[in-house]
Amino acid sequence: MTKMLKGIAASDGIAAAKAYMLVQPDLSFSEASIDDPAAEIKRLENAVDAAKDELKIIKEKAAANLGAEEAEVFEAHLTILSDPELMGNINDKIKDEKVNAEKALKDVTDTFIAMFEGMTDNAYMQERAGDIRDVTKRVLSHLLGVTLPNPALIDEEVVIVAHDLTPSDTAQLDRKYVKGFITDIGGRTSHSAIMSRTLEIPAIVGSGSATTTISEGQTVIIDGIEGNALVDPSSEELKNYAEKAEAFAKQKAEWKELKDAKTVTANGKNFILGANIGTPKDVEGANDNGAEAVGLFRSEFLYMDASELPSEDDQFEAYKQAVEGMNGKQVVVRTMDIGGDKELPYLPLPEEMNPFLGYRAIRISLDRQDIFRTQLRALLRASNYGKLAIMFPMIATVKEFKEAKAIFEEEKEKLVKKGTSVSNDIEVGMMMEIPAAAMIADKLAKYSDFFSIGTNDLIQYSMAADRGNERVSYLYQPYNPSILRLVKNIIDASHKEGKWTGMCGEMAGDQIAVPILAGLGLDEFSMSATSILKTRSLMKKIDTTKMQELAAKATNDCETTEEVIELVKQYTK
Ligand code: PEP
Ligand code: MG
């Protein structure tokens, strides 16, 4: 019997393939004393050999599927397993204390991990702690006879089933084989969902029970349009979904015809539709989908994709590649937005009760100015190669903006003094994603060249509802009049100062929100590249004079999300 799972539609499209369970097995063990240390050492050796064999295969596959750089980590793991000091210590513990291999392995590696983690002034060594932890898990899995999931080994079409996927897990998925994914937790604006849209992989998040309902190898249909998954579908259901997939592909082909068109409404008003990107590689997808700008380059993905802080030159190359790739169209790079659900293994952040309300984004940049200044220099140098703009994430106060801007000016002046050429018209703006900032948009508009509304965070902070928590995902209400009023306040304040406002949160590509936002006078809409063409098609059908009326009613007269949706339907019939 087919089982149906309902989740949050995270990325458009339909996929059907065998399930690949990306689930960590239970690696708990009991400590035991042993009588025959030589036999126990042999057991450990066998497990280490098996782990090495596995790592060699994974390394080769990773190099072939993901590139040499991604494969390097497995070489590091092999080196650890051949380290005489580490292995010698484990063997000694088995001999001297007559404990089983599991306990000896865990105790010794824990000591090494603590030692490396304590090297707070050496990010490289700190990162080795993570490698030892991974290697320990692998050897332990062989001692216990359980299998670890190895996504790098995937060489057939699969649907990934996971409790959650971190942004770096998602970045490693090979599109050739990974046809879709479904997770237990997460919301539409959690970063795994955002990345699935960039990668154009159909996805469902927040299903609640994917990992407990689905088993390895079962056929799963992912309907990323509706947010439904079908487990063990009948041949009839498979046929229906193949038809739905075909209809979706046809619709996409129609939208593709608008790729080189301008974005113009029925009454001749122009808007800019931009793409959100995470790496310079995404520029190709942006151009293929007819982006008129990059409204958000999430620069933190450069940091997350590296094994140490990226150098000024590495960053310069990445920004240069992005601006050059966009051929003179504007590229808005957001400075590093680490924290919340985005971690850097080599920059351990303090444990916090509420990471989304904690040390993140511009708060880190103003504190760790070494990191911030390096990034600004790389950006300033790249500004010569195209139309670059910079914005700061998570600005809450005028003071924060002024401080960040002053640091930018200092770095610019230093470079100019050194004779480095720097563009003279870099716009410096800010994300509007904290309600306090939205309320004083009139003050901030005096200093900021533009605003970009980050509704993913603006909504979570306004509604006090974690964006990654599926239990409160009903409070992700982009059309709620409360949110619309904040958005209107921001747009009006910027226009009064002769500035412009864009939106780079997911709301910008939401087909119900777009007509209202057009009516509110939003200047630029930046979204997952895959939403651009359908939005351009929608824009062609609307009249902004009518949308102004709609926007006024939605913000002033409506009480609920449902009323707003009804109103939009009436106005766009
Ligand atoms: C946002 O908060 O809306 C945004 C675009 O930034 P991020 O999703 O990366 O937090
Ligand atoms: Mg944000």
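In case you wondered, yes, glycine gets a Cβ from its N, Cα and C as well.
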Checklist line | TrEMBL annotation, phosphoenolpyruvate site containing ARG334, ASN456, ASP457, ARG467 - matching residue among ARG298, ARG373, ARG377 | finding: ARG298
Next item on the list: Give the range, chosen from 34-61, 90-117, 342-369, 510-537, that TrEMBL lists as coiled coil.
Entry: 34-61
Notebook entry, point to check: When DSSP states are grouped into helix, strand and coil, how many residues of the domain 'Phosphotransferase system enzyme I N-terminal' (6-128) land in each?
Noted result: 81 helix, 16 strand, 26 coil
Item checked: Candidates HIS191, ARG298, ASN456, ASP457, ARG467, namely the recorded positions, that fall within 10 Å of GLU433 (Mg(2+) binding site) by Cα distance -> ASN456, ASP457
Notebook entry, point to check: According to DSSP, does HIS191 (active site, tele-phosphohistidine intermediate) fall in a helix, a strand, or coil?
Noted result: helix
Next item on the list: Mind running the recorded positions HIS191, ARG298, ARG334, GLU433, ASP457, ARG467 against ligand 2 and keeping the ones whose CB falls under 6 Å of it?
Entry: GLU433, ASP457
Check: Rounded to the nearest angstrom, how far is the Cα of CYS504 (active site, proton donor) from the Cα of ASN456 (phosphoenolpyruvate binding site)?
Finding: 9
Note to self: Return only the integer: C-alpha distance in Å from HIS191 (active site, tele-phosphohistidine intermediate) to CYS504 (active site, proton donor).
What the structure shows: 14
Item checked: Densest Cβ neighbourhood among GLU433, ASP457 (binding-site residues), 10 Å radius -> GLU433
